[in-house]
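According to Swiss-Prot, the region 'Coenzyme F420:L-glutamate ligase' annotation covers 1-248, on the basis of sequence analysis. For Leu24, Pro25, Glu26, Phe27, Ser54, Lys59, Asn116, the entry in Swiss-Prot reads GTP binding site, with the evidence type sequence analysis. Swiss-Prot lists Asp113, Asp154 with the feature divalent metal cation 1 binding site, giving sequence analysis as the kind of evidence. Marked as divalent metal cation 2 binding site by Swiss-Prot: Thr155. Sequence annotations record features per position, and here Swiss-Prot assigns region 'Dehydro-coenzyme F420-0 reductase' to 249-452. Per Swiss-Prot, FMN binding site is recorded for Arg264, Arg265, Ser266, Val267, Arg268, Ala292, Gly403, Arg440, and the stated evidence type is sequence analysis. Annotation comment: Swiss-Prot describes Asp324 as coenzyme F420-(gamma-Glu)n binding site.
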Amino acid sequence: MVSAPGDHAGVSREGLRILPVTGLPEFRPGDDVAERIAAAAPWLADGDILVVTSKIIAKAEGRVVPAPVDPEERDAVRRALVEQEAVRVLARKGRTLITENKLGIVQAASGVDGSNVEKDELVLLPADPDASAAALRAGLAERLGVRVAVVVTDTMGRAWRNGQTDAAIGAAGLRVLHDYAGAVDGQGNELHVTQVAVADELAAAADLVKGKLRGVPVAVVRGLPTQEDGSTAADLVRAGEEDLFWLGTAEAVERGRREAVLLRRSVRTFADTPVEPDTIRAAVSVALTAPAPHHTRPVRFVWVRDAQRRQRLLAAMADKWRADLRADGLDPERIERRVGRGRILFDAPEVLIPCCVPDGAHSYPDERRQAAETTMFTVAVGAAVQGLLVALATEGVGSCWIGSTIFAPEVTRAELDLPADWNPLGAIAVGYPTEELAPRPPRDPGDGLVER
């Protein structure tokens, strides 16, 4: 990227330097971190950026937990702490958990760590790393009379990439994000969504001199101008469902399975967006996996794609309905009000008619068993209809099953040129909803579930 006005990469004339702070002791609960750093780095100057490993903050703040020395017992305690510090589990692989912790940070094991601590201890993250950064900054100003920025870091993995890097989990005294929106590069291109996580870049750069084995938990970045804007590391966290990848693959699949049926609802108002034919074909393919008696295929979905034929069918059904309602003694106003409820089938982008066909049905000499056979085939069609509605919902397509053709089977068969033994079982309006589908909570079964 060509430097633009306000580029985050500006450095002083002396260049950018990263300096280790050596000679620090092992930190224990109750230690004064500011006092120890001030003693080890009296050369700190205004404008320096102090980058501090979170572990020394956590130790000093008493976030150390006793643990057994036995490896298996120690791991059991560690896993219990991981669950304790987590608010949700995003992914798991073997014993490894990727969690969102109470700080909103997504990382392995909720930040619970057993490295660089005694073998009979485990350490948690600081309870409030931003507050810790602010307190350390104030403590150094009091002891050395300098204004420095502070970044508190922890090591994290990254999606899509091997290896780990340090990232900021606490910050004070600097702008943690640099927003390039509205800036123009050297070729005249306006930048729109580029935000640079400056605090994370500082954390990663400082780790080049801190390392993991040399006992150097603090480094100083010198020569990078900073601007204090009140932001903290909490501003780096993209929370929950705002993130495009807020669940692991297996967890996303599991959630999708749980919510698939709950996405279905009766949609009666549709957007103008056309539904791709392949989307409907795919949903029908799913629907045809529904259970059926005697290994038969008792359902056919008639897709009324010809607009004129649909108009003729719906008009003929409306006339039949009016005649039935007149025979019931309803006045014209009530009749038109009832018929008007069927406008959804005129307005829907697509309409499908589910039909029960008797292919493979058994014949019985008595009325009781023959009625049971008919019921069995009808139930199978209902299962396929539900499968279709759910399959459409999982693709973001709305639908509404309406019983209309059940009351006008002869008219439906005549207008659609269907065989005499095809029994239409309603109509399904299909189209994209005007509002995105969302799963609704399951109902309390109440008297819907009877246990014996």
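Yeah, the Cβs are placed from backbone N, Cα and C, and that goes for glycine too.
Keep in mind it's a predicted model, so treat the numbers as computed, not measured.
Recorded residues Asn116 (GTP binding site) and Arg264 (FMN binding site) have their alpha carbons 52 Å apart, per Cα-Cα distance. Under the three-state DSSP scheme, Arg265 (FMN binding site) falls in the coil class. Averaged over the region 'Dehydro-coenzyme F420-0 reductase' (249-452), the predicted model reaches a pLDDT of 94. Taking all protein chains in view, 12 other C-beta atoms sit within 10 angstroms of the C-beta of Ser266 (FMN binding site).
Cα distances from Ser54 (GTP binding site) to the binding-site residues Arg264, Val267, Arg440 are smallest for Arg440.
Note: the Cα of Arg265 (FMN binding site) and the Cα of the residue listed as 'coenzyme F420-(gamma-Glu)n binding site' are spaced 29 Å from each other. Of all residue pairs in the FMN-binding list (Arg264, Arg265, Ser266, Val267, Arg268, Ala292, Gly403, Arg440), the one with the greatest Cα separation is 29 Å apart.
Between the candidate binding-site residues, Glu26, Asp113, Asp154, Asp324, the densest Cβ environment within 10 Å is the one around Asp154.
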